[in-house]
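Peer 1: Sharing a structure with you now.
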Amino acid sequence: MAAARETGKAVVKTGKHGVSRPPFMVGSIVRILMENFLTYSVCEVHPGPNLNVVLGANGTGKSSIVCAICLGLAGKPSFLGRADKIGLFVKHGCMKGVVEIELFKSPDNITITREIHVVNNASVWFINRKPATLKTVEEQIADLNIQVDNLCQFLPQDKVGEFTKLSKTELLEATEKSIGSPEMYQFHCELKNFREKERELENLCREKTTSLEKMKQRVERYKQDVERYHECKRHVDLIEMLERKRPWVEYENFREQHEEVKQYRNQVKKELKCLKEMQAPWTRKIQEVEEDLRNLDMKTRDNTAEIRNISQKYKEKQDALEMKDKQIEEINQAFRMKKDEETNRQKKIQQTQIIIEEWQNELDTMAACENLQPQIDAVNTELKKLQEERANIDNDISDLRAEKNSQEREEKRIIDRLGQLNNIMHMKEENLKMRFRDTHSALMWLRNNKDKFKKQTCEPMMLEINVKDSAHAKYIENHISDNDMRAFVFECQEDMETFLVEMRDHQKLRVNAVCAPAESYAETLPSRPIEELHRYGFYSYLRELFDAPPPVMNYLCYQYRIYDVPVGTQKTRDMIEKVIQETNLRQMYTAEERYIIKVSSYTKQNLSSNTCLREARYLTSSVDTDERGQLENQRQDIRNTVKSLDAHLTALFDRQKLLEHKDNKLRQEKKALLERGNRRRQLESKIGVKFDSLRQLEQDAIDLEKEFQLTNVKIKEINKQKSELVTELMHLMKKIIPLNVVKVALSLQMTRATAKKNRLQSEYKLKAAQLKAAQQRFYELDNKKQRLYEKCMELMKQARHVCRLGPGQDFPEEFQVAFQTLPNTLEEIDALLNEEKTRASCFTGLSSSVVEEYNKQTQEIQQLTEYLEGKKNELNNYKQNISQVKEKWLNLLKEMIAQINGKFSKFFSSMQCAGEVDLHMENEEEYEKYGIRIRVKFHHSTDLYELTPYHQSGGEKTVSTMLYLMALQELNRCPFRVVDEINQGMDPMNERRVFEMVVETACKKRTSQYFLITPKLLQNLTYNDKMTVLFVYNGPFMLETFKWNTKRFRKRQRRLSRMTE
């Protein structure tokens, strides 16, 4: 095949002399069309029906054909191992790609078309140019037995290594699907399902059998409890009948007592009536005496009231007489007080005169007042100067304090901002600790031991790098490897070695360290100014997006050339092809992607690859080091200023204290001068006040003689009133004596009447006691009769309730019959009741639930027995099915493995090696663990070893894989097989042998179509007319299709061959 550049079509070369190929197998690929797919703009491939060798240099698009086959036949992108999204297979810069596969089928071929849309990674399907669903396409492909997810049929380049990683079970299933008859894999699946169901039924039968045995044992225990329950029930029934009869017997006993009490009460009632008739005469006599007593009592009360009235008046007169005595005593007391007051006045006059005389003497002795005003004025002048100076100092102190407060507020703001920056640094350290604990431990050691190093040491780069804008962090993290992000940076190789010995050898920590180059690269200029790249959407180089210490920046510029890696926008992404062609940049960033451009060693053409940027993890929080340094300097300046202000304030405070001391001293001096001038005026004022007080005391004199005469006049007047009161008292005494005599006579009459009444009442009480006793007896009998009646009604109600009889319901005959067999007295009933209760109490822990549980368990045993029998029959059916299906499957399987083993052993023998394929099973009944085991031997001195991902070399695994696939080729019922670059790990001798086997096997009659993808072939290989060689030429420097000359190519080949010979 010769592929033109972007728009050229593939041309298929036929075999020698134009020999026609044999017909295609059903499902074989007749045509492959690719539009805007991976490296192709438009390309159409026409493979042959047998072996198709797809040959071309790396990067020309061989594997693109494999991808087209897989994706065009409903394969998943993940199976190819190249990308997880279908949109990534569309050619760069295009929004839609098309893959069209034409499959051979009689009478008309099937054409399956898949349109791939970059937006939303969507696909649109067509069958024979008509819209179809993915499910319809999958059904069509499955009908043709095409399995692009089966490594035995479709082995893409990125999945070659996974073939040897297949387990025995997976290899068996893949082989069954690939070459086995359709019913073989179905039999295998049925066997696994039947075996799983068989295990479930066996476990179920075991569980149910165990449960059935336990239930039978439980029912046997319940049987004894049920018999005891029935025996207990008989006793309980007898107790219930006795308890029903007992209230009836008790009711009959109380009814008989009621009748006896009723008769006796009627007899006492007659006696009570006779006694009441005999009591009437005595009652009338007592009533007459009581009437006389009431009259005498009224007279006595009237007499007593008059006596009380006179006594009250007598008492009032006597109280008035006592009041007059008190008035006389008060008059005398008032006179004595005036005498005492006059005596006190005389004493005060004498004391005042003495004080006046003393003050006058002091005033006389005091010298004439000297002139103190000049001294006072001088002191006032000095005080005024001190106050002015103190005011100035207060103003200075206020200004200095305001300045200090302002500086302290500014310092607090700076401290808060530094705290915020330190918090960001702390967050970065916590992120380091969480992700790289060993690195964090090494960081703590380094901070405490920096004195052990000769030159500057830098902490891990993720802590030292400060991104100017957090949105740019993802570019830096995608450009610098994770190992370097957590690496320590040293300026000296010796320091780095000292650090690594301590960390790795002594502390056993896994840390990274790098050494910055001695030559400075941090200031290296980019290949061109960034202004020249603005028209492509670039706005900065990586170096300008962050700050870092000089050693870190020097290392990054040397190692990653960050000074020459531009960062662009979405505009850059939109015109990326133009950017790659015109700028000759080797690395660049767009808004969300990273581009790496390399030059092809074949075509000298630029090859670009792009990857999506991952989100930033380490540098999202950054600290502005310039701002931090400025803040630290400002903080130190403020501290120096505050210190200077404190010294100035201290000097002002000392001066303020000195002035305050001088001020107090002058004020005391002024006070002493003022006191000296005021003392004489104070004495003159005090003497004047005392003279006024003395005149007032002399004016307040009392005339005692006059007061004595007035007192005598008042006392005589009161004595006259007292004599009048005594006369009235004597008159009242004469009136009260006759009244007391009458009171005594009435008392005697009351005594005689009361004695007569008492005598009559004594005789009456004797008769009344008999009457009362009869009444009491009657009341007691009546109450007893009522209580017995109520008790009878209560017992009747209780008895009917116990027997569950409704209102008006007759006593049931069954109770009458049952009661006849029971005792008729309470004592006998209670004795029998206690006996039965004692017997019933011996049956403890029994209830009606025992019988219910017994019946329930019996029913469940019957149901479980029937269920278990059904499951056992179902299990036998499954075992019969397994036996039948197993025989069919094993016959087919053993025949297939024998055929594979024959081919596989034959291929290995032809290479002077040995190989076997056999059926592997751990347990004959574990069908899901059956597998195919491949054993190979490449050296005569070794034994056969099972093919594993670890035992054989890469070339040996490749040869084994290829020969196994070849062994399947002739047996294969799949329409085609694809193997991509499997010969790359072989040595030339094995590659030649394997290629010859592939040609021989794939070019036989009635074999399926075969695609062998390879970038190279050995010289002088064996070819067959039935094979098709598809040369892939793709790229701007390849020869045009119309310029290809086969004759000249063969002529040159013969000439080279002669030269070689």
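All positions are counted from 1 along the displayed chain.
In case you wondered, yes, glycine gets a Cβ from its N, Cα and C as well.
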Peer 1: If you check TrEMBL, which stretch out of 602-643, 644-685, 854-895 is marked coiled coil?
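Peer 2: So the range that TrEMBL calls coiled coil is 854-895.
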Peer 1: Look up coiled coil in TrEMBL and report which of 279-306, 307-334, 447-474 it refers to.
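Peer 2: Range annotated as coiled coil by TrEMBL: 307-334.
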Peer 1: Who are the long-range neighbours of the coiled coil (854-895) in its own chain, taking Cβ under 8 Å and residues 6 or more past its ends?
Peer 2: 176, 180-181, 183-184, 187-188, 190-191, 194-195, 197-198, 201-202, 204-205, 208-209, 211-212, 215-216, 218-219, 222-223, 225-226, 919, 927, 930
Peer 1: Among 198-278, 307-334, 369-417, which stretch has the most Cβ pairs under 8 Å to the coiled coil (694-791)?
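Peer 2: Highest pair count goes to 307-334.
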Peer 1: Restricting to the coiled coil (369-417), what is the model's mean pLDDT?
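Peer 2: Summarising the coiled coil (369-417) by its mean pLDDT gives 79.
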